[in-house]
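For reference, TrEMBL has these:
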TRANSMEM  81-100  transmembrane segment
TRANSMEM  107-133  transmembrane segment
TRANSMEM  153-177  transmembrane segment
TRANSMEM  198-217  transmembrane segment
TRANSMEM  223-243  transmembrane segment
TRANSMEM  380-402  transmembrane segment
TRANSMEM  423-443  transmembrane segment
TRANSMEM  463-487  transmembrane segment
TRANSMEM  508-530  transmembrane segment
TRANSMEM  550-573  transmembrane segment
Amino acid sequence: MEIESLRVSVDEKVLKDEEKNEKEEMKMKMKMKRKLGGVKTMPFILGNEVCDRFASSGFHSNIITYLTQDLNMPLVPASNILTNFAATSSFTSLIGALIADSFAGRFWTITIASIIYELGMVTITISAILPSLHPPPCPTQINCTQASGTQLMILYLALLLTSLGAGGIRPCVVAFAADQFDMTKVGIAGRTWNFFNWYYFCMGMATLTALTVVVYIQDNVGWGWGFGLPTIAMALSVVAFVVGSPLYNKLKPSGSPLVRLAQVVVAAFKNRKAVLPDDSKLLYRNHELDAAIAIQGRLVHTDQFKWLDKAAVITSPDSTANPPNLWRLATVHRVEELKSIIRMLPIWAAGILLVTASSHQHSFTIQQARTMNRHLTPTFQIPPATLSIFGILSMLTGLVLYDRLLVPFAKKLTHNPSGITCLQRMGVGFAINILATLVSSIVEIKRKKVAANHGLLDNPTATIPFSVFWLVPQFWLHGIAEVFMSVGHLEFMYDQSPESLRSTATALYWLAISVGNYIGTLMVYLVHKYTGEEHNWLPDRNLNRGRLEYYYWLVSGIQVMNLVYYVICAWFYTYKPLEEEKINIENKDGDQEWERCEDTIKIA
């Protein structure tokens, strides 16, 4: 009896020691976590991204002018080249995300990709400086000598390097910056600001600076300095990012997410004849196995796509060996990872046609602006690409009003920490974008009418006495649409994706842009090819004789159909449920105690 009591006492002591050690270990982890990350990392991360956005905006915003005016390329081929490389940049984002999530981590992926991007910037700057790398000037835009094959190869090399670099930067920077904060529902509710809103605000300020300073230099000083300044900014961004390395919260890569998703599909197929248990709690769970991919909480079982649940059915006692054969048995968390991605795909797909509709509008609008009266004073006129500042200004203004007025008001009605859900936010953006395209068509009709009244339809280089500020409303509407659609889409992809797939999910955002741009290129090619020679909707040289308003009507119709599709998908969408770990921080002595408790919540 005494021996038994002694044994119980020893067991209790061991248990208490284990609990004490666990608490101490957890204290140390949380202290380390608080030392890393947080607001103090933002000057380095956002400094990198601001310089990167300044460089990319300065490089891409006016390059249609460089192609058509300095390389003497026709409008449609030049616009298609830019759209194709923009699509390539977005497509390589998926590759960059997989590299980051699988083995390299976000920090090193961003660093290496930034260096590759810088090499592309250096290449395009050198090509702009050396006269031998571009054709003779052609101010009349009639019978021009186009760029040679060698000159175009230098251009393609520069665009390819920037596309590869952007593929590593884009999907990782947002996720890496968000990693520095507590992005759980409890953490979001405890803040008075929205990370994604302020991220976009900083990027908008960088773009605004590029559109005013860099574009002016490109149009009035020269392309050497016009490309050189963004190149210098990109070099500074790499330095700023690396200097902040000791402060970052760097999450370790948890293995290839595509392999994990494939394992679930294979396991479900192998167990296809297995009978699902009536109680989902009997499905296989292994918290230790999932620890590295479920730091913020485990995904809770859902009843959707129940066929995939067969991957978590325990078919024999031997199958649960530690570790199990993941090609034959998957945990519930891993099954739910795949379900989350499948649920997101219809919403993600809605962004494709939106990009298709707007893929060439920037290029065409710059060409419209070049024909219009851009004078602010008798001696100063606005560079065509600078008009984009009105879209940026509306976006910046909209973000502040959204964060400071709309969200607090919506919170009182919806009791949602974000005010409205990501899906509601995106839907508003879809609708505003349709209105912006319709306004674009009306302005183009008016522009050509004024050109006809003054006998300027056959003079592509003449200035039509029609103020360029007629283009401002469509830029303003596009900027407001971005506040809702772009920010909402990015937040949706980050929030609803499993935490171990967030770089990959952010890459899906860019993949939608990639596919949309490729489809846009195909659509413009077909429109240009099959709308005839005499009244072509998108002529090569003389936009005054085109039918650009018809193109805008076409994309407006596409967007209307896309909005209907989106509303149906959003109506049936199910937000991911998650088990979060909450922590009580202070005891009566002011010391920190850590207590685990699980709460099943719906992330909205």
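Placement of Cβ uses the backbone N, Cα and C atoms for every residue, glycine included.
Counting residues 6+ beyond its ends, the transmembrane segment (380-402) has Cβ neighbours under 8 Å at 61-62, 64-65, 197-198, 200-201, 204-205, 207-208, 211-212, 215-216, 218-220, 362, 365-367, 369-370, 374, 468, 471-472, 475-480, 482-484, 487 in the same chain. Listed as Cβ neighbours of the transmembrane segment (550-573) (distance under 8 Å, sequence separation of 6 or more from its ends, same chain) are residues 343, 346-347, 350, 353-354, 356-358, 361, 364, 423-424, 426-427, 430-431, 433-434, 437-438, 440-441, 444, 523-524, 527, 531, 537-538.
Looking at 81-100, 198-217, 223-243, 508-530, the range that has the most CB pairs within less than 8 A of the transmembrane segment (153-177) turns out to be 81-100.
Between the transmembrane segment (508-530) and the transmembrane segment (81-100) there are 3 or more Cβ pairs closer than 8 Å, counting only residues 6 or more apart in sequence, so the two stretches are in contact.
The list of residues near the transmembrane segment (107-133) in space but at least 6 beyond its ends in sequence, with Cβ under 8 angstroms from a Cβ of it, reads 48, 52, 55, 59, 66, 70, 96, 99-100, 150-151, 154-155, 157-169, 172-173, 176, 222-224, 226-228, 230-231, 234-235, 237-238, 241-242, 245, 248, 250, 503. Cβ atoms under 8 Å from those of the transmembrane segment (198-217) belong to residues 46, 49-51, 53-55, 57-58, 61-62, 174, 177, 225-226, 229-230, 383, 385-386, 388-389, 392-393, 395-396, 399-400, 403, 482-483, 486-487 of the same chain, restricted to positions at least 6 beyond its ends.
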